[in-house]
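*Asks:* Handing you this structure, nothing more for now.
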Amino acid sequence: MRLPEQPGEGKPENEKKGDGGALGGGEEPPRSQAPDFPTWEKMPFHHVTAGLLYKGNYLNRSLSAGSDSEQLANISVEELDEIREAFRVLDRDGNGFISKQELGMAMRSLGYMPSEVELAIIMQRLDMDGDGQVDFDEFMTILGPKLVSSEGRDGFLGNTIDSIFWQFDMQRITLEELKHILYHAFRDHLTMKDIENIIINEEESLNETSGNCQTEFEGVHSQKQNRQTCVRKSLICAFAMAFIISVMLIAANQILRSGME
């Protein structure tokens with residue numbers, strides 16, 4: 001994940017151009033590699049069901065007046081569904097709240113090693129009622145307007161991503177083409193190395209939990225289609241989560257900078 005630059009920090013003098021990682025095709029310079037984490041530290045696989053995951057009345061609830069409220073009112077059901085799934089991935093224990101520990105584990109699984117100060121700032125930004133955890137309403141109130149802005153929609157169109165992965169499933173585009181399409185869509189938030197790492201991690205996670213992946217396809221001949229659907233949905237979820245965490249890091253950096261002025 002492209003990290004927001006902190007005041008007084010610069011790039012290492014010995015930074016050299018890399019070869020793009022194990023999958024090849026990368027154009028980003030190498031960064032310090034995060035240590036390997038045990039399986040439980042990796043992002044868990046959450047299958048995206050065929051039906052909508054969030055059918056509540058969130059859009060009908062009263063929100064604070066202002067432009068943020070207007071932007072939230074313009075969120076489509078599909079966009080809300082994707083944001084809800086990203087929240088579910090961050091909520092590792094499924095209790096309906098994101099804790100500071102869960103947020104830290106999610107960020108580490110994507111290769112970013114947050115300090116306690118950074119985690120505290122992000123949690124303070126998200127935790128509006130001060131109870132030490134983040135529920136979905138808080139998650140949406142803070143991040144929703146950012147995700148549905150003109151810039152956000154360009155990188156967070158789930159239907160477009162879904163179409164890209166469908167083409168990959170049907171072998172209409174190669175892995176290299178897939179990576180470069182995703183890099184073009186997310187280049188303001190993710191590096192090529194990030195994209196390669198997410199694909200590798202999601203493939204490994206899927207292999208470890210393949211028995212838990214269920215889709216609407218049944219029968220022996222649908223095994224390949226089930227596999228393709230699970231990979232595609234898992235990757236969509238991972239990229240949505242990475243995008244949201246990137247937005248959170250930008251917000252945290254803005255708070256840090258404003259506090260030093």
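Glycine residues also receive a Cβ, built from the backbone N, Cα and C atoms like all the rest.
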*Asks:* Please state which member of Glu78, Glu102 Swiss-Prot lists alongside Asp91, Asp93, Asn95 for binding Ca(2+) 1.
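*Replies:* My reading of Swiss-Prot gives Glu102 as the candidate in that site.
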*Asks:* Compute the C-alpha separation of Asp93 (Ca(2+) 1 binding site) from Gln133 (Ca(2+) 2 binding site), stating it in Å without decimals.
*Replies:* 13
*Asks:* Please report the distance from the Cα of Asn95 (Ca(2+) 1 binding site) to the Cα of Glu138 (Ca(2+) 2 binding site), rounded to the nearest angstrom.
*Replies:* 15
*Asks:* Starting from the Ca(2+) 2 site formed by Asp127, Asp129, Asp131, Gln133, Glu138, give every other residue of that chain whose CB sits within 8 Å of the mean position of their CB atoms, in sequence order.
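*Replies:* These residues sit around the Ca(2+) 2 site: Phe97, Leu126, Met128, Gly130, Gly132, Val134, Asp135.
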*Asks:* Tell me, what is the mean pLDDT of the domain 'EF-hand 2' (114-149)?
*Replies:* 81
*Asks:* State the three-class DSSP label for Gln133 (Ca(2+) 2 binding site), counting H, G and I as helix, E and B as strand, and everything else as coil.
*Replies:* strand
*Asks:* Could you state the CA-to-CA distance between Asp127 (Ca(2+) 2 binding site) and Asp91 (Ca(2+) 1 binding site) to the nearest Å?
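*Replies:* Distance (Cα to Cα, whole Å): 14 Å.
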